[in-house]
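Swiss-Prot has this to say about the protein:
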type	residues	note
DOMAIN	29-203	domain 'FAD-binding PCMH-type'
ACT_SITE	Arg177	active site
ACT_SITE	Ser258	active site, proton donor
ACT_SITE	Glu358	active site
Amino acid sequence: MKRRDVGSLFAGARVAESVPLAPLTTLRVGPVARTLVTCDTTDQVVGVLRELDDRARNGDCGPVLVFAGGSNVVIGDALADLTVVRVANDRVTIDGNLVRAEAGAVWDEVVVAAIERGLGGLECLSGIPGSAGATPVQNVGAYGVEVSDVITRVRLLDRSTGEVSWVPAADLSFGYRTSVLKQADGLALPAVVLEVEFALDASGRSAPLRYGELTAALGMNSGERGEPRAVRDAVLALRARKGMVLDAADHDTWSVGSFFTNPVVAPEIYERLAAQTGESVPHYPAPDGVKLAAGWLLERAGFGKGYPGDPHARCRLSSKHALALTNRGGATAADVMVLARTVRDGVRDVFGITLKPEPVLVGCAL
């Protein structure tokens, strides 16, 4: 890896050339970036992106990828002449029940900081890898809670104008694992998150608990509120059993987490599925239909934990959680896409339901 000091060219940010991206992502796949620019402050993020976007408009810059934790992205092997801006601004401030986290802050550290101040609302989102800035993009959720439940506003850099402004949550079109900020192509982001503000509960209690597996672990009833630290501990234990807490020594955690979102279908599709399988189909109410459990669909379609079962396969389903596509060592983005297509097409052939990917796919497609 070559490093160089470019002075004020990129607002004082750290610049390196010929950088392998695989070690910077939780899936551990990706090409070698021509240039990696690491921004440790918000001013650097803004200055670097303004510079690169000006160059791109003049045809003087190749593709630009912006990311922080690298936990929800699959980067194609063949991307050439790629410039990567790594967002590493990480200040977290707490004022009363308001928590403000810069985009590069490690998400789980934000959760811990809130709990240590007696604030509830984020504990069910414990253990999720990645950065604070990624949470509104994806509308991150787990165990019955979504981050949009507590986001008040997001500070954005508009890539087309270079302007920075706070945007209220109501203008972000939050939905299930999506928002107006999410783009199918991670190279075409119209706006970049700089900071996120959350309004939490200062009563010392968690968000209402509604996820059956979690309430059972805590010995509580649905709708009850627990002590945030206890809820966090239970969530981390559940995630660890599913290989959803990062561990460099455990290849089941070399993933982007759940690769497919839970599909939302019309009620008649759910009824057809129940009749087809003759089973009690896990399902949840959704605003625009019925939400099904993607992991259940995978396993019933023949894609169980550890699929395809070949110990030499470089990419396999996790041995702990069928929804996670994992790198067993030496896998490429192409290997991941082959397995993802096999699973997606197999579920569609059996049930007539097409699963959609949860991570952002950059330079690759299903």
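Backbone N, Cα and C atoms are what each Cβ position is placed from, and that goes for glycine too.
Mapped onto this structure are the features recorded in Swiss-Prot.
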residue: Arg177; record: active site; DSSP class: coil
residue: Ser258; record: active site, proton donor; DSSP class: strand
residue: Glu358; record: active site; DSSP class: coil
Fewest Cβ neighbours within 10 Å, where candidates are the active-site residues Arg177, Ser258: Arg177
Residues near Glu358 (active site) in space but at least six apart in sequence (CB under 8 A): Asn72, Gln138, Arg177, Val256, Gly257, Ser258, Phe259, Phe260, Thr261
